[in-house]
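J.: Starting off with a structure, shown below.
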Amino acid sequence: EAPGLRNQTYFTFQRFSHLAALRVVLFEGILLMFLITMTGNVLIIVVATTDPALHTPMYYFLKNLAWVEICLTLNIVPKMLVDLLLERKIISFSACALQLYLVIVLVTSECFLLGAMAYDRYVAICHPLHYTITMSRRVCLHMVMACWAAGALLSAGLTAWLFSYPFCGSKEIEHFFCDIAPVLDLVCSDTYLFELLVFIATVIIVLIPFILIAASYIQIIHTILQIPSAQGRHKMFSTCIAHLVVVTLFYCTTGLIHLKPKSSLSANSRKLVALSYTVVTPMLNPIIYSLRNKEVKHALKNTFGRRQLLSKLPLP
C-alpha cells in the first residue's frame, strides 16, 4: 500500500473497475473524444477571436462556452486517462479539493452561459430591432462576468464546507474524479445541512436557467412558425432542436447527480451519467453550436485559407 493512504492525505479512485476487461477500449475512446473536444473548442476560440464577422454577442458567448469546456476537460480527462493505465489511482487531499472546486465553478458557469445564450437567441429572433441595444458589448461582458463570478463564489463555499468534514473508512472514491456525491459518501458525520444547501443551489443553478431556456425557445418557436418560407422554418427548427438536445443532456445529467447528492443512483450508473457531461457533451458542443454553422465554416476557410496562402508567398 502506498504511504499515506491510511490517513486523509490521499484518496483512491475506483474509476471503471466494473469495466476492467474493456480498459484499453475505454482509454482509446476517451482519448479520441478528448482530442476532438480540444480541437473543436480551440478552433471556435481562434475563429471567433480573429474573424471580425464573428464579433457578435452570440459568438462571444460561444467563445466563453468553449473556454469552459476546455477547462472542464483538462481538469478531469487527463487524470482519468492516466488512471486507466496505472495500477494505483490516487489523488492528494488538496488536489481533490482543487479538482472539485474547478468542477463546480465550470459546471455552474456553463449552466448560466447556456441560459445567456438562449436569451441572446430570443432577443435576436423575437426582438431584432432592439437587439443591438439590448445585447450591447457592455451587457454581454457583465453577463459573462456574472456567470464566472457566480460559479467561483458558490464553489469556494461548497468546497471549503465539504472538506471541513472528517473522512473515514477506506478513502476510496467510487468515481473517476472528485465530485460532490462520491466525496460526500466518505464523510462520517451528519451532512443534512450541507445536502440541503446543495439541493437549493442546484435548483437555482440548474432548474431556473433551464426553465428560462425553455421559455425562450417557446417564444422563438412561436416566432419561427410565423416565417412564411418553409425552408426558413425548417432551417431554424433544426438549429433549435440540436441546441435543445445538448442543453437537455447537460442539464438533466447534472441535475440527476446533484439534486440529491446521496441519491439512490448506483456508483456505476453515476459514473456513466457523469461521463456524458464531462466527456461527451464538451465534444458535441463545438459540433452542435458552431462547426455546423455556415458562418463558422466560412470563418475557418478565411482564417486558415489566408494563412496557407501567406505561407506560400515568397520571402522578401
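Cβ atoms here come from the backbone N, Cα and C positions, even for glycine.
Curation plays no part in TrEMBL annotations; they are all automatic predictions.
Sharing the feature lines straight out of TrEMBL:
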type: TRANSMEM; residues: 20-48; note: transmembrane segment
type: DOMAIN; residues: 40-289; note: domain 'G-protein coupled receptors family 1 profile'
type: TRANSMEM; residues: 60-78; note: transmembrane segment
type: TRANSMEM; residues: 98-119; note: transmembrane segment
type: TRANSMEM; residues: 139-163; note: transmembrane segment
type: TRANSMEM; residues: 192-215; note: transmembrane segment
type: TRANSMEM; residues: 236-259; note: transmembrane segment
type: TRANSMEM; residues: 271-291; note: transmembrane segment
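So that I understand the layout, could you describe where these features sit and how close they are to other parts?
T.: Sequence-distant contacts of the transmembrane segment (20-48) (same chain, six or more residues past either end, CB-CB distance under 8 Å): 54-55, 59-60, 62-63, 66-67, 69-70, 73, 77-78, 80-81, 84-85, 279-280, 282-283, 285-287, 290-291, 296, 299-300, 303.
Remote same-chain residues near the transmembrane segment (60-78) are listed as 30, 34, 37-38, 41-42, 44-45, 48-49, 99, 102-103, 106-107, 109-110, 113-114, 116-117, 120, 140, 144, 147, 176-177, 278-279, 282, 285-286, 289-290 (criterion: CB distance under 8 Å, separation of at least six residues from the stretch ends).
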J.: To what whole number does the mean pLDDT across the domain 'G-protein coupled receptors family 1 profile' (40-289) round?
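T.: Result for the domain 'G-protein coupled receptors family 1 profile' (40-289): average pLDDT 84.
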